[in-house]
Amino acid sequence: MHPSGLLWVAAALRLLLAAHVAAAFEPISLGIAIGAASALTGYLSYTDLYCRFAECCREEQPLNASALKLNLEEKLFGQHLATEVILKALTGFRNNKNPKKPLTLSLHGWAGTGKNFVSQIAAENLHPKGLKSGFVHLFVSTLHFPHEQHIKLYQDQLQRWIRGNVSACASSVFIFDEMDKLHPGVIDAVKPFLDYYEQIDGVSYRKAIFIFLSNAGGDLITKTALDFWRAGRKREDIQLKDLEPVLSVGVFNNKHSGLWHSGLIDRNLIDYFIPFLPLEYSHVKMCVRAEMKARGSAIDEDVVTRVAEEMTFFPKDEKIYSDKGCKTVQSRLDFH
């Protein structure tokens with residue numbers, strides 16, 4: 001590069017650094033500095049430059065369906081229904097420039113079947129920083145809403161939090177973990193935001209995404225899977241229609257579900273009830289291999305087998321499904 005060109009680049013970098021420092025103090029100075037740097041470099045827009053230093057809400061950016069599909073296929077095992085529904089639901093929603101309501105997904109199944117994993121994958125594909133993003137918000141029932149006597153307070157706080165964050169980023173993502181431990185009534189605070197309103201008090205919630213994670217309904221899912229197995233049918237033959245109606249009614253009538261008698265179900269505001277099937281021995285082995293790969297270790301099939309065989313399976317006679325899914329694979333692998 002010509003020396004004069006290097007001087008221009010150096011000047012631009014100094015201006016960008018100054019803009020970064022000034023951001024916390026004077027937004028006008030930040031704009032001037034970024035504008036000057038943009039003029040010097042000649043090809044970066046204000047937004048491009050700003051987003052190199054701060055996380056931006058790219059609500060108009062379409063979802064990369066191929067990347068999401070690859071993530072789900074490589075990291076989620078034994079969940080053909082969840083993979084299909086999550087892929088179609090997220091892709092269709094994000095590529096729709098004018099959705100009529102927020103996307104609301106309710107994920108159900110026993111612990112260790114992949115619900116938290118899927119919510120993490122979804123978050124990473126919706127916002128680059130994933131669960132660390134300022135636009136992705138995780139609520140854990142036992143941590144954020146522990147006391148039954150404070151339900152009204154939690155409802156008010158929840159509404160304020162959602163309103164403030166959607167105002168800042170229309171495509172905000174809200175994940176509610178341990179819904180089966182949430183006090184009934186708390187989640188109904190979000191009902192107005194999930195409905196078919198164009199705006200509420202000047203704010204549109206139609207591009208937001210709400211994801212509920214729950215163990216509730218795990219028994220219903222297992223019963224259906226077991227019925228298929230005993231009838232000699234493959235688990236891949238199980239379709240969403242075989243489980244979704246049962247799940248919605250089951251969690252609505254389950255007093256140990258945060259959705260017990262919830263207006264969210266009564267008003268049909270949950271778009272998909274997504275079942276996570278219990279995992280079999282072969283799926284546990286897949287989890288062990290994936291964990292080895294994530295650690296940068298060579299795949300040792302003897303170790304894979306030993307870890308899988310240390311898991312306990314149910315029902316008592318058939319011993320088909322891992323009672324903890326893949327939840328303890330990481331800790332057990334530490335012993336090998």
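A Cβ is built for glycine as well, from the same backbone N, Cα and C atoms used for every other residue.
All TrEMBL annotations are machine predictions without curation.
According to TrEMBL:
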- 1-24: signal peptide (SIGNAL)
- Gly109, Trp110, Ala111, Gly112, Thr113, Gly114, Lys115, Asn116: ATP binding site (BINDING)
- 279-335: domain 'Torsin-1A C-terminal' (DOMAIN)
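Sequence features, as recorded in TrEMBL, placed on the structure.
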residue : record           : contacts (Cβ under 8 Å, 6+ apart)
Gly109  : ATP binding site : Lys115, Asn215, Gly217, Gly218, Ile221, Pro275, Phe276, Leu277, Pro278
Trp110  : ATP binding site : Asn215, Gly218, Ile221, Thr222, Phe276, Pro278, Asp323, Gly325
Ala111  : ATP binding site : Asn215, Lys324, Gly325, Lys327
Gly112  : ATP binding site : Leu279, Ser322, Lys324, Gly325, Cys326, Lys327, Thr328
Thr113  : ATP binding site : Gly78, Gln79, Phe276, Leu277, Pro278, Leu279, Gly325, Cys326
Gly114  : ATP binding site : Leu76, Phe77, Gly78, Gln79, Ala82, Phe276, Gly325, Cys326
Asn116  : ATP binding site : Asp177, Leu213
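Of all the Cβ atoms in the protein chains shown, 25 others lie within 10 Å of the Cβ of Lys115 (ATP binding site).
If you average pLDDT over the domain 'Torsin-1A C-terminal' (279-335) in this model, you get 95. Other residues of the same chain near the ATP site, with their Cβ within 8 Å of the Cβ centroid of Gly109, Trp110, Ala111, Gly112, Thr113, Gly114, Lys115, Asn116, are Phe117, Asn215, Phe276, Gly325, Lys327. With DSSP classes pooled into helix, strand and coil, the tally for the domain 'Torsin-1A C-terminal' (279-335) is 29 helix, 5 strand, 23 coil.
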